[in-house]
């Protein structure tokens, strides 16, 4: 291994971004974060930026919507990782244009970190808003011939497990649990820190070049029924189970306002259609993170749930 790539994270103060920034530093990469001047004075994000600086992250001032600042930032690094949020996914064409102009980027990771958007059976509006928009970015990256890795990290633990995906809940269920569909399709759950670690491990790895990196650690693959059974075992109590048939879920999606209909649609794709696990990873397009990096001690779902008991 030569020297470690210099990494720029765009969207580093966001939900998954901060974990990737921290993992990059931890793995010994010269780490850069693109931040807006206004972010530094923001009461919440400003503290995060300060934390980054204390870790040794270099701040580069710029903006997704300021082409020259993007090019200038990108010219200083080898690898660009985008973790921009939901509303800015489509605007990553601006990053693609800047990477193209800069001409020095060895790898681009667009903002993915969810389902593999080329293997989804989603209904509208999630189909377009959550998935197609990311697939369009993939096609744009490929059309420009930019070297890439797409990270399909499936479910963020922090979004799904503290409530066991119960609508409107803030804690896991103690009496009854609502289960979408028949509860049998398998989904995959990963802790955010582990997503950061696996993403950074892939940066200089030739095996992940122009591939989808799937996070499918064997101990984190659960059907909804298995997840509920694990939780029942932990709390020593049997819960009343309410199964919601797919027809009802589809009706709920049609009737719910934005953005609830999008989240319901993502849940439908994951827990009813089984879009995390209903296809095999072919070597032609993908690799699996826990196989590539067996040295990573990832947090299992079982360990993660202990904090809520």
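Here the Cβ of each residue, glycine as well, is placed from N, Cα and C on the backbone.
Feature annotations, courtesy of Swiss-Prot:
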ACT_SITE  134  active site, proton donor/acceptor
BINDING   13-16, 35-45, 86-88, 111-113, 134, 154-156  NADP(+) binding site
SITE      86  site 'Confers substrate specificity'
SITE      89  site 'Confers substrate specificity'
SITE      266  site 'Required for activity'
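Annotated features taken from Swiss-Prot, shown on the structure.
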residue : record                               : Cβ within 10 Å
13      : NADP(+) binding site                 : 23
35      : NADP(+) binding site                 : 26
39      : NADP(+) binding site                 : 19
43      : NADP(+) binding site                 : 6
86      : site 'Confers substrate specificity' : 13
87      : NADP(+) binding site                 : 7
89      : site 'Confers substrate specificity' : 19
113     : NADP(+) binding site                 : 26
134     : active site, proton donor/acceptor   : 22
266     : site 'Required for activity'         : 21
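Candidate recorded positions: 35, 39, 113, 134. Nearest to residue 89 (site 'Confers substrate specificity') by Cα distance: 134. Rounded to a whole value, the Cα-Cα separation of residue 86 (site 'Confers substrate specificity') and residue 156 (NADP(+) binding site) is 14 Å. Note: the CA-CA distance between residue 134 (active site, proton donor/acceptor) and residue 39 (NADP(+) binding site) rounds to 25 Å.
Nearest neighbour of residue 266 (site 'Required for activity') by Cα distance, taken over the binding-site residues 13, 35, 39, 87, 113: 113. The Cβ neighbour count for residue 156 (NADP(+) binding site), using a 10 Å radius and every protein chain shown, is 18.
DSSP assigns residue 43 (NADP(+) binding site) to coil in the three-state reduction, placing it in neither a helix nor a strand. For the recorded site, residue 266 (site 'Required for activity'), the DSSP three-state label reads helix.
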